[in-house]
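Report on the structure given below.
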Amino acid sequence: MSRLLPYSVLALAALCAALLAGTAIGESDLAPNVVYQVLANHLWQAGYPVDPIDAGIVWNYRLTRTLVAAACGAGLATCGVILQALLRNPLAEPYLLGLSAGASTGAVLVGLLGLGSVALSMSGGAFIGALAAFTLVLVLARAAGPSNNNAQVILAGIAGSQLFTALTAFLITKSATAEQARGILFWLLGNLSGVRWPSVWLALPVALFGLVVCLWHRRALDAFTFGTDSAASLGIPVRRTQLLLISCAALVTAVMVSIVGAIGFVGLVIPHALRLLLGPGHSRLLPASALGGALFLITADILSRTLIPGQVIPVGVVTALIGAPVFALILVSRRGRP
Amino acid sequence: MTVMANLQIAPLACQGLGLQLGGRSVLRDIDLAAIQGETLAIVGPNGSGKSSLLKLLAGLRKPGSGRVDLLGEPLAQLPRRRIAQALALVEQQADTADAISVYDAVALGRTPWLSALAPFASQDRAIVEQALADLDALHLRTRLWHSLSGGERQRVHIARALAQRPQVLLLDEPTNHLDIQHQLSLLQQVQALSVTTLVALHDLNQALTCDRVAVLDQGHLVALGKPFDVLTPERLLSTFGVHAHYLTDPFDGARILRFRAP
């Protein structure tokens, strides 16, 4: 425990600093003391006189999207860690299971055809679509062969993704106007603009829940190091553990996708980078990846708001712009290793 | 010996064990009971079902028929964790791309004894150290997995199995891919262990050094007993399809097998 304390303090400090940066930096120039006053007013009723528009920008716009960015980054990175561990595949990531493709189909269905548009938001449609795709992938993987064969899950995921991507494209070309298509494309690329407090209260607990469930199973995840048979002979109920943790990952990913769209590379790059730094032990890798994912996505969000003045780039574009070169670097640095 | 075996509960036993894969019968009606503390060699030609038998005995596959008993309890009804506390399996090819250290790889053997909230205690550390020492691998402890040679990896796998503190150890061709020096030292180390060990072997001269030998032929258990009673020239001709003679080594008087193609 004594070794753990300094790291926890450091992690918390880094997270707070990033949250502050995300709240202080944005398209409109607000003085740091205005930001401080707004935060102070809300956190401990300091009672500073501030412009209600400034207060709204800081509290309802910047802080919420920064918190959701943190939760999404943490959640997606955690999912990446457990999928890579369980499927023993370095390319495993949260969207592998067809979740993002399913989510986009669901969102597009709601957005274009007005399917249940009264009861369902685009997010709700995305969530249902993601879970539908995941169920299909799971059924397909199960039907394709024994549970010990990880390749089945990955191949089923690819098939599911292709199917739902095609469905989305079909729907867009068949019924979308140019304006609608642009809006949907923007949403698909990952977009934090629309988030407000209700999204925060959904994303934060879900990310935390995912992290706690995975930490609880950290030894089981370690036991998969030498494959599923090895895990079973180390006393892990393989099928139950896989189903529980993969479903947990699917749920977390589906919630994140439904709030912000498909943000790529966080779930792939962050776990790999940290595994190189810290080694494969999950008791360290899981919290570190959650923190790394949160910091990465907060930074990407800040960049997405500031890179082009007056225009917000989809955050998924920024993560891919950083993520792709970083991933290439990791691949090159792994050269010469088995 | 048979009286002893009947009085004690066999650490690991199976009755009428059978397995079908894709319509093909891989194992048929195997009855086998290990004796406390022995090293039992399982031999047989390629595809005779050695690995499948070990997988069934370890509970990794469900048998098509028959039952396995571990320490007198039916394996099928034991939770995985309980099985792993009593039985450890070292597979033929278990590899990883993770940069895991030797110490951490052996420490995985403590998994069945740890819960989510229990920390890795000093007692666990002592057991891991002991397992490394038993396999003469203490000097490897900080090395990373991918930097190990085949023989070193095999020793680490066995050390991990020992860290489970099992009563029964199953080894699937542990001397495969090792040079002759490592084959001999590994087998010696395994035979020196006090746990009941079932080991699948290809080298019949190595099987001669074990306490008992079981011969598998196309999924049948065709012979079980003392090495020299079982590995007769007639048996070797009918099961392995080779002519065999026993020679006596003038160096120490040991009897060894020499083979000729028919």
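Keep in mind that glycine also has a Cβ here, set from the backbone N, Cα and C atoms.
Beyond its flanks by at least six residues, the signal peptide (A:1-26) meets 32, 35, 39, 57-58, 61-63, 65-67, 69-70, 287, 291, 294-295, 298-299, 301-302, 305-306 of its own chain at Cβ-Cβ distances under 8 Å. Taken from TrEMBL, the feature signal peptide covers A:1-26.
Annotation comment: TrEMBL describes A:67-87 (among others) as transmembrane segment. Using a Cβ-Cβ cut-off under 8 Å and counting only residues 6 or more beyond its ends in the same chain, the transmembrane segment (A:67-87) has close neighbours at 15, 18-19, 22, 93-94, 96-97, 150, 153-154, 192, 195, 199-200, 203-204, 206-207, 210-211, 214, 221, 224, 241-242, 245-246, 248-249, 252-253, 255-256, 259-260, 263, 266-268, 270-272, 282, 285-286, 289-298, 300-301, 315.
What TrEMBL lists as transmembrane segment is A:94-113 (among others). With a cut-off of 8 Å between Cβ atoms, the residues of this chain six or more beyond the transmembrane segment (A:94-113) that come close are 76, 79-80, 83, 87, 120-134, 136-138, 153-154, 157-158, 160-165, 167-168, 171-172, 175-176, 180, 183-184, 187-188, 246, 249-250, 252-254, 256-258, 261-262, 264, 267.
Note on the transmembrane segment (A:119-141): residues 97-111, 152-153, 155-157, 159-161, 163-164, 187, 246, 250-251, 253-255, 257-259, 261 of its chain, located 6 or more positions outside it, place their CB under 8 angstroms from a CB of the stretch. TrEMBL lists A:119-141 (among others) with the feature transmembrane segment.
Annotation source TrEMBL lists transmembrane segment at A:153-172 (among others).
Among the features that TrEMBL reports, transmembrane segment is placed at A:195-216 (among others).
The transmembrane segment feature in TrEMBL is assigned to A:243-270 (among others).
Outside the transmembrane segment (A:312-332) by six or more residues, the chain places 27, 69, 186, 188-193, 260-266, 268-269, 272-273, 276, 296-297, 300-301, 303-305 with a CB less than 8 A from a CB of the stretch. The transmembrane segment feature in TrEMBL is assigned to A:312-332 (among others).
Within the same chain, residues 87, 89, 91-92, 95-98, 100-102, 104-105, 108-109, 112-113, 129, 133-134, 136-138, 140-141, 144, 180-181, 184, 246 sit at least 6 positions outside the transmembrane segment (A:153-172) and bring their C-beta atoms closer than 8 Å to a C-beta of that stretch.
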